[in-house]
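Going by TrEMBL, these are the annotated features:
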TRANSMEM  21-41  transmembrane segment
TRANSMEM  105-127  transmembrane segment
TRANSMEM  139-160  transmembrane segment
TRANSMEM  187-220  transmembrane segment
TRANSMEM  232-257  transmembrane segment
TRANSMEM  299-319  transmembrane segment
TRANSMEM  331-348  transmembrane segment
TRANSMEM  360-381  transmembrane segment
TRANSMEM  412-430  transmembrane segment
TRANSMEM  450-467  transmembrane segment
TRANSMEM  717-738  transmembrane segment
């Protein structure tokens, strides 16, 4: 049987019922992980990264400041250059205000991420509607897309900025199509695009650019010059915002950990093309390296796209050529971002500063499912025995590859894939025009095919989600952890702000944590406290500092680096702990446990320090007398130099008369952007490669000298943002005036 869906048949209105159904299904599906693990939406980088970062942004905004720079976050703190602090993003400001005034971070994170999943699903639905997808398949696309494996298990569980841009991506494409094809104004598409860009997650920006490029190519080929002009003008506006966000980071790239070039491949978070053959299965696990690899397999369904992929077996392939001829514009718009997503996803794991290609799976999954429902809606499905055998072959091949990676799952994988296959057969049968089911003496008449298909789709979606989540917490399985579904680290960050502040009471002043235990304040959670700490996370850490002491991941500084803190610097003859103005050190009971053991028995407590507390995880030592504020003078070759003032952006010092050139070192990371004001003093090579150092020339009179910081490209970035907004508003106003004049 063959059913062809004509273009006109797919013209249908969006109703509250459609939106309500999709929302209800997405919320229901998103609650399933919480049954197994109530902190599912509060894991890994959400705990040690996003929450604390947003809290800091909210605090700064409440004080009337934008997130630009923090001298006390040594090795980090260059918020403008990091790009993900929302310096120019009202959307991030709103989120940050909410976090800052939240009392329970787990509740906030859970609610916020479920809202994002709903936003993603509704955006996918509206996009499918704009491409004339059949109503029932547009609805299915809407509630399936948010649960692409990577989107749920990486974006929703941990990398929330990834989820944010993924959620806005279909809305941008939908608004772009309205803007170009229905002659709507540029405001809506600009607002969505601007929000994606200023979130600062580069993969979202890349996909936005490729979507616009696809539209531009399509309209050039069709010689639709009005749409070409509009695309170019919108591109100018959004390009200005993009440059504003990323230019400051590029300007300081030479001193950061991200100063990388070339193409490399260590198969780290780099999937294989064969993984697509079992991407219909919710329990398929890829053979790729990651932080969670066990036995060569990453036990998270990152490559899961969705059960609807199996409907490919029933496509009416005879009508594909006609579909291509009649939908060239849509296909060109689709193929450009899809091709890039494919190339990055299955390419090397490092292309310049771009890392972890599996991140493209969020977009690859969205795009592949979109094309599938588009094709089904236009060419229909064919149902016969040959197609059932075709489906069986696909399922068996995918199951074989799936079981090859996780052989201990043989029985469960067979059962799960069999159930999915049977539901696919039922959906294909009904969608191709089948009206009756008969089994022995039982006969079922299908009076409402669309409702039946939607019901089956909802049931199999809930089934898929449940089996994905069924083995949460089985992290000590006997056979190479074969039954683990995922293993994100829970750092045990308290849910409540009050509990974090209570934990912070044992730490005073500038604090450094040495160790990898989760029984302490970690990463950006320090922003919630009143303490400064170099343990705050950054994606663009100062490389020389990382090489010398802090390491590649500042949230986990090795315990063995303890001795470095008290080793005298050759130039200044001061220990690093003094140069960095550290007041409190927490030493983990791990790695070289002798350090911890000696401290708790008071055998290795340095002079001027005291053991203030300890438990089985950490020993905490503190200075008897603080050596001053982070960012202040750390050492000078002239002892009589006095510090007059010190704040986030500058230090002012008084230098008495002296006969020769003198040097002054500050406990400030030597980010590009520092300059010296006064009497010929100048910046010189940073001490140890990362501590800001100046040289003061000889003088027979006292001097007042100021060391000041201004982030590179700050002013151009503000100018570009203003230009982007004013350009779009002016363009919109001119359009309105032209319309008014035309009517008169």
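Placed from the backbone N, Cα and C atoms, the Cβ positions cover glycine too.
Remember, it's a predicted structure, so these values are computed and weren't measured experimentally.
As a quick check, the transmembrane segment (299-319) and the transmembrane segment (139-160) clear the bar of 3 or more Cβ pairs under 8 A, pairs 6 or more apart, so the two touch. The list of residues near the transmembrane segment (105-127) in space but at least 6 beyond its ends in sequence, with Cβ under 8 angstroms from a Cβ of it, reads 14, 18-19, 22-23, 26-27, 30-31, 34, 38-42, 46, 51, 95, 98-99, 138-139, 141-143, 145-147, 151-152, 156, 160, 163-164, 166-171, 173-174, 177, 366, 370, 493, 495-497. Contact between the transmembrane segment (331-348) and the transmembrane segment (450-467) is absent: fewer than three CB pairs lie under 8 Å, with pairs separated by 6 or more positions in sequence. Only residues 6 or more beyond the boundaries of the transmembrane segment (187-220), in the same chain, are considered here, and those with a CB under 8 A from a CB of the stretch are 82-89, 91-92, 161-162, 164-166, 168-169, 171-173, 175-180, 227-228, 231-232, 234-235, 237-238, 241-242, 245-246, 328-329, 332-337, 340-341, 354, 359-360, 362-363, 724-725, 728-729, 732.
Of the ranges 21-41, 139-160, 232-257, the one with the most Cβ pairs under 8 Å to the transmembrane segment (717-738) is 232-257. Non-local neighbours of the transmembrane segment (412-430) in the same chain are 280-283, 307, 310-311, 313-314, 381, 383, 387-388, 391-392, 395, 398-399, 402-403, 406, 437, 446, 449, 452-453, 456-457, 459-460, 463-464, 467; each lies 6+ residues outside the stretch with a CB under 8 Å from one of its CB atoms. Tertiary neighbourhood of the transmembrane segment (139-160): same-chain residues 18, 21-22, 25-26, 29-30, 33, 40-41, 43-46, 50, 109, 112-113, 116-118, 120-122, 124-125, 128, 133, 166-167, 170, 282, 300-308, 358-359, 361-362, 365-366, 369-370, 373, 453-454, 457-458, 461, 464-465, 486, 488, selected by CB-CB distance under 8 Å and a gap of 6+ residues from either end.
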